[in-house]
Amino acid sequence: MSANFLTSTNLIVQEKQKCDITIKLHYNFTGRSLKSNGDQMDKTSLLFLIICSFIVLENLMVLIAIWKNNRFHNRMYFFIGNLALCDLLAGIAYIVNILMSGANTCNISLTAWFVREGSMFIALGASTFSLLAIAIERHLTMIKMRPYDANKKYRVFLLIGTCWLISFSLGALPILGWNCRNNLDDCSAVLPLYSKKYVGFCISIFIVILIAIVILYARIYVLVKSSSRRVTNHSNSERSMALLRTVVIVVGVFIACWSPLFILLLIDVACKAGECLILYKAQWFIALAVLNSALNPLIYTLASKEMRRAFFRLVCGCLAKSSASRSLPIQPTPDQSRSKSSSSSNSPKHKGFIQSHFQSKEDKSESSFQNGNIIK
């Protein structure tokens, strides 16, 4: 009996010692717990997992819709597709982060910990840089006031590649050495192995991006407003108000989702270990920033009528096909077939005129989206 008790005690001790000593040291110093918080944390994690799964599915459908429709193979939609890819990866990274957090933190190596947190920085950073790239592209388009040149797509890929290069560089800095392994007083409470100087550096960059996005969209609105004054009519006034509403939504959602996390990390930089209790609720602030990845497709992608049509066609396509396959084909009667053939023979020109009329309206609407306007 005593031998079994000693054996089980030794197993428990060995299990507790499985945690990497550096991870354990930094978590204990910053006051972060390596234990799970019971049922409440499980419910919270489940909620976050559901939201992240929705983010992944939503952005995956956007990517498929852009890939399948040749009309979306232009510069603006390349930026939209890159943003959807960033948000998709942000959702996946947060799912992995949740599954590897809590008590599971002790089961990973030091390198895996840096990869876990770095992947979040890379994905969210790439998403933020993509928002800036979209704002820059729309601003340049409004200044030039001309359609996109298909021969200059290499500039788009260069800008997208730069976004990813900067994001990977920022996310890799801690694992390359910019951390607090040899200086506990410099450790972040939200990210116990990250240097406060590094966190402050990243926040400074993201705040500059936020200010740049606000300025660019304000400039876009001013340009549209000034052009509307030259040609004063009711449609231009409505166009300016629609653009103003969209700018407010774009900037407002970005600020609402990211500002709380920025403020929290600034508090983290300023506070000493264990002084600011709000830092131990960081998962809610991070989740709010990740929620921006769920709202981006609704703001940027579905602003286009053609994109909405392709998106909903993709959503409803499987349901329509499954219902059609279950239904039996209806054989027309001879009278019905003659009626249909006669009516079809008399209506091709009229039908083609209607289709061309609506197609031309859609083309005009879509071209206005590609020229920098995001509401039709």
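Backbone N, Cα and C atoms are what each Cβ position is placed from, and that goes for glycine too.
Feature list (source: TrEMBL):
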COMPBIAS  325-336  compositional bias 'Polar residues'
COMPBIAS  367-376  compositional bias 'Polar residues'
DISULFID  C180-C187  disulfide bond
DISULFID  C271-C276  disulfide bond
DOMAIN    58-300  domain 'G-protein coupled receptors family 1 profile'
REGION    325-376  region 'Disordered'
TRANSMEM  46-67  transmembrane segment
TRANSMEM  79-100  transmembrane segment
TRANSMEM  120-136  transmembrane segment
TRANSMEM  156-178  transmembrane segment
TRANSMEM  198-222  transmembrane segment
TRANSMEM  243-267  transmembrane segment
TRANSMEM  282-303  transmembrane segment
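Distribution of TrEMBL features across the structure.
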residue : record         : Cβ contacts under 8 Å, 6 or more apart
C180    : disulfide bond : H26, D186, C187, S188, L193, Y194, S195, K196
C271    : disulfide bond : A189, L279
C276    : disulfide bond : A189, I267, D268
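Here the transmembrane segment (79-100) lies next to the transmembrane segment (282-303) in space: the count of CB pairs under 8 Å, restricted to residues six or more apart, reaches at least 3. In terms of C-beta pairs under 8 Å, the stretch of 46-67, 120-136, 198-222, 243-267, 282-303 lying closest in packing to the transmembrane segment (156-178) is 120-136. If you count C-beta pairs under 8 angstroms between the transmembrane segment (120-136) and each of 46-67, 198-222, 243-267, 282-303, the highest count goes to 198-222. Long-range neighbours of the transmembrane segment (46-67) within the same chain, counting only residues 6 or more positions beyond its ends whose Cβ lies under 8 Å from a Cβ of the stretch, are 73, 77, 80-81, 84-85, 87-88, 90-92, 94-95, 98, 283, 287, 290-291, 293-294, 296-297, 301, 307, 310-311, 314-315. Long-range contacts of the transmembrane segment (282-303) within its own chain (CB-CB distance under 8 A, at least 6 residues past either end) are made by residues 44, 48, 51-52, 54-55, 58-59, 62, 80, 83-84, 86-88, 90-91, 94, 120, 124, 127, 131, 134, 190, 246, 249-250, 253-254, 257-258, 260-261, 264, 311, 369, 374-376. The average pLDDT computed for the domain 'G-protein coupled receptors family 1 profile' (58-300) is 83. In three-state terms derived from DSSP, C187 (disulfide bond) belongs to an extended strand segment.
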